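According to TrEMBL:
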- Gly14, Met15, Gly16, Lys17, Ser18, Thr19: ATP binding site (BINDING)
Amino acid sequence: MTRPLILGLTGSIGMGKSTVARMFADLGVPVFDADAEVRKMQGPDGALVPAIEAAFPGSTGPGGVRREALGALVFADRDALARLEDIVHPAVANARMDFLARHADAPLVVFDIPLLFEKGGAERVDAVAVVSAPFEVQRDRVLARPGMTGTKFADILALQVPDADKRARADHVIDTGTTLDRTRAQVRALVDKLADGLRA
Ligand SMILES: CC(C)(COP(=O)(O)OP(=O)(O)OC[C@H]1O[C@@H](n2cnc3c(N)ncnc32)[C@H](O)[C@@H]1O)[C@@H](O)C(=O)NCCC(=O)NCCS
Ligand SMILES: Nc1ncnc2c1ncn2[C@@H]1O[C@H](COP(=O)(O)OP(=O)(O)OP(=O)(O)O)[C@@H](O)[C@H]1O
C-alpha cells in the first residue's frame, strides 16, 4: 500500500512554524497541526479536560483548560510537565494516525510537530524541515506576545533542543528571519523539490 511522503515540520518557540505550516496548506499540502489538536482536546468539552482537571485540580473551567495558568505551572516544573505530556501525547498520536488515514492518497503531507526532536518523532517522518531565524528575531517575536515574560521564555527554551542542533539535524532549513515573501518562496521550492523526488 502506498502512503504519502511525510515531511515533519518543527522549530523552536517563535521561529514561525505555524506561519510556515499555513504556507504549505496554501499550496494544497495537507497539514497535521499537533498544537491545534491539543487546543481542541483542551477546549470547551475537549476530550482531555476531565483527565487534566483530575491531575491538576483547578486548571480547567467552562472554557476548558486554562492554558496560561497551566503553562505557568508546568513550564517551571518538569515533573508536572511530564504528567501533562503523559495525558496529552498519546491522544495526539491517535489524532495523527487518523489524519494519515484520511489523507492516504495525498502525495505529500506535513506533520507540524513542535516537539519533533524533543520527543523522538523524527524517525516517524521521511524528512524533517526546521524553521529557523536568528536568536534576536526569535526573542523579539516571543517577548511581544501577551502574557510572555523573559523567565517563561527562558524556561521554555531550556526544555527545547537548541536551534543550532535542530538545524544540524534537519534535512531542510526554512529561514524565517527574512520577509514573509522570501519564506514563502522557500516553501514553494521545497514542495517542488519533494514533488520532483516523488516523480523520479
Ligand atoms: C502547557 C500548555 C497548556 C501551555 O499552553 P500555552 O498556550 O500557554 O503555550 P503554547 O502551547 O503556545 O506553548 C508555548 C511554547 O512552549 C512549547 N511547548 C509546549 N509544550 C511543551 C513541552 N511539553 N515541552 C517543551 N516545549 C513545549 C511550544 O512548542 C511553544 O513553543 C500547553 O503547551 C500544553 O498543553 N503542553 C503540553 C502538550 C504538548 O507537549 N504540546 C506541544 C506539542 S503537541
Ligand atoms: N519570514 C517570516 N516567516 C515566518 N514568520 C514570520 C516571518 N516574518 C515575520 N513573521 C512573524 O513571526 C511570527 C511567528 O509566529 P508563529 O506563531 O508562526 O511561530 P511558531 O514557531 O509557530 O511559535 P510557537 O512555537 O511559539 O507556537 C508571526 O507573527 C509571523 O507573522
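Backbone N, Cα and C atoms are what each Cβ position is placed from, and that goes for glycine too.
Here the features listed in TrEMBL are placed on the structure.
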residue	record	contacts (Cβ under 8 Å, 6+ apart)
Gly14	ATP binding site	Gln138, Arg139, Arg141, Val142, Arg145
Met15	ATP binding site	Val131, Ser132, Ala133, Gln138, Asp163, Thr176
Gly16	ATP binding site	Val131, Ala133, Arg141, Thr176, Thr183
Lys17	ATP binding site	Leu9, Thr10, Gly11, Asp112, Pro114, Val131
Ser18	ATP binding site	Asp33, Asp35, Asp112
Thr19	ATP binding site	Thr176, Leu180, Thr183
Residues within 8 Å of the Gly14, Met15, Gly16, Lys17, Ser18, Thr19 Cβ centre (excluding the ATP site residues themselves):
Gly11, Val20, Val131, Arg141, Thr176
In the three-state scheme derived from DSSP, which category covers Met15 (ATP binding site)?
coil
